[in-house]
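Written below as structure tokens is the structure these notes are about.
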Amino acid sequence: MAEPETKMEKLAPPPQTVTHAPALPARFRRLAQLRDSDLWFSFRTHPSAVFAAALLALVALTAFLAPLITPQNPYDLASLELWNSEIPPIWNAEGQWPYLLGTDTQGRDILSAILYGSRISLIIGFASVLLALSVGLALGLVAGYFGGWIDNVIMRLGDVLLSMPFILIAILITAIAAASLPAGLKDVLAAPILIFAIAVPSWVQYARTVRASAMVEARKEYVQAARLIRVKAWRIMLHHILPNCMTPIMVAATLNFGLAILSEATLSFLGVGMPPDQPSLGTLIRIGNQYLFSGLWWIVVFPSIQLCLIVLSVNMIGDWLRDALNPKLR
Amino acid sequence: MIAFLLKRATNAAFVMLAVALLAFVIFRFFGDPVEMMVNEQATQADRAELRERLGLNDGLITQYGRFVTHAVQGDFGISYRNQQDVMVLIKERFPATFELVLVATVISLVVGIPLGVITAVYRNSRLANALQLGSIVGVSLPSFVVGILLILGFSVTLGWLPGFGRGETVDIGWWSTGFLTPSGRAALILPSISLSTFQVTLVMRLVRAEMLETLRADYIKFARARGVPTARVQWRHALRNCLMPVITLTGMQIGNLIAFALVTETVFQWPGMGMLFIQAVTFVDIPVMAAYLMIVSFIFVALNTLVDITYAWVDPRLRDDTARTGGGNG
């Protein structure tokens, strides 16, 4: 494929690069590297990935700018007017400006509630992935690198967690937390409890993946060499082994981000997640579900659509990433 | 083979003991059982007497042992909320959940397998691409959203199918079935579709991946060369060799379906075990929660072990534990 000349260039960095380098600040050089990478090329040539990323960016942007762009703060009870309740969406004859997607039974603007709700859903999803990722990577590295009894303990713990359905563990944790905390504290801590409840059953997957690679890497010569010159164990794990198993982890983390948002929504829908005064998308759907048979369809349909769009775009990115990083499919 | 059987069985038993420990801890330490059971007027002496009668003064290991012994005999104590035997409550609700899961599994196979074959055989055609995209959408749709939209469409707007409850049921012994009455069958349609959405896409993706691999095999080319009609080669020769993983997946997913049925049951007000569990969570009815956890985990672990044993029976190479790569769970 490559001509001998270019191969030579790759082996010995040509002088131009050196002369060019100082002109570009380090940041931009990294950007340029990214621009020329295979991954970026694959991204550009996959319309579904570009579409999904754009959609997700739009959702995230509107969600985090919600206080600036929404006509109403849905948490502020003073801004709710009961005579503005049950207004249908704007394209309906009875629709009213500025309630683009209508209002619920308490006069809360649906669009504002959705944007604020998306913010909560995104934050909880992201934080739980981050928590599961850090715990999973740490335990997986330790298990794979040291082996022996510590490996046994960690992996058996994982086996037990995997022997119970994901959603069941999450429900149990939120239920126990709700039962053992005083009423006032329960609502304040709802988000951290959810993050924890979703992270507990999901760290196992990362730990297993990393452990498998760590076991292989730990036997390789470069790790042996590092050990010989007395590099500290944690340093070998973090700087030498971890970077070598990041690819499958990245794919898993992306797909789990979608799963985490879904799980949060499911828990909130079941009534063990976010309370109604700080609703996530799941809570909004739970509230709307009560009016399903009374013809107020917009209260439940629009939050559902938003939730599906978020999860769909995350999954599409995850799917693309899995194919793009899979060396077999290149 | 016997050694392998024993090993797998002990493994499963240990996992169940760990789950039981978890259930026991929940039962014993979250909410005082005595406070939950006595009424307000009970004297200190009454409470002490009940404490003694429940054996709460014994050593923790003795208590755990008793908990396990009782659980093995199907005795999970008395529900705090409705003062009934927990096992009786679960036995009443089990048929509803079982029939729902059964129908959902059948749907996932009947719909998922042909779709998987079509996407593999007509690879890169417009239809296959549309189905592929549809499968990502299917994975991304939360099952409760599917349920709500189905109710909105088919019950509220069109009025074709019932949107809640189980319809009329017929009792056969202690088993109550909805299969034998028209209203019972009609009531099953929407919940089972909603429960099977995720499963359909899972089966479809698996069949597609397996088919793509199998269609490249020599014996397929040979069958074609021999003049076997293309459709027959695809739907018989190739498909048959793809079915083993599908059976495995279906077996392992039944536990997940039972757990996920609790979401569907909440949406459709389906009087199954899942509804019982969610109500127990709302009212902190801990014996019911503990029992549900143990039963669902037992089904989960039993099915996984069964699948492993079947595999080892079919393929002797897997009996040697060192040859196993681990993972494959989830």
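Glycine too: its Cβ is placed from the backbone N, Cα and C atoms.
Features as listed in TrEMBL:
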- A:118-318: domain 'ABC transmembrane type-1' (DOMAIN)
- A:49-69: transmembrane segment (TRANSMEM)
- A:120-148: transmembrane segment (TRANSMEM)
- A:160-182: transmembrane segment (TRANSMEM)
- A:188-206: transmembrane segment (TRANSMEM)
- A:245-271: transmembrane segment (TRANSMEM)
- A:291-312: transmembrane segment (TRANSMEM)
Stretch among A:49-69, A:120-148, A:160-182, A:245-271 sharing the most Cβ pairs under 8 Å with the transmembrane segment (A:188-206): A:120-148
Sequence-remote partners of the transmembrane segment (A:49-69) [C-beta within less than 8 Å, at least six residues beyond its ends]: 42-43, 112, 115-116, 118-119, 122, 306, 309-310, 312-314, 316-317, 320
Spatial neighbours of the transmembrane segment (A:120-148) far in sequence, C-beta under 8 Å, 6+ residues away: 59-60, 63, 154-155, 191, 194-196, 198-200, 202-215, 218, 233, 236-238, 241-242, 249, 253, 256-258, 260-261, 264-265, 274, 278-282, 307, 310
Long-range neighbours of the transmembrane segment (A:160-182), counting only residues six or more past its ends (CB under 8 A): 189, 193-194, 196-198, 200-202, 204, 263, 266-267, 270, 272-273
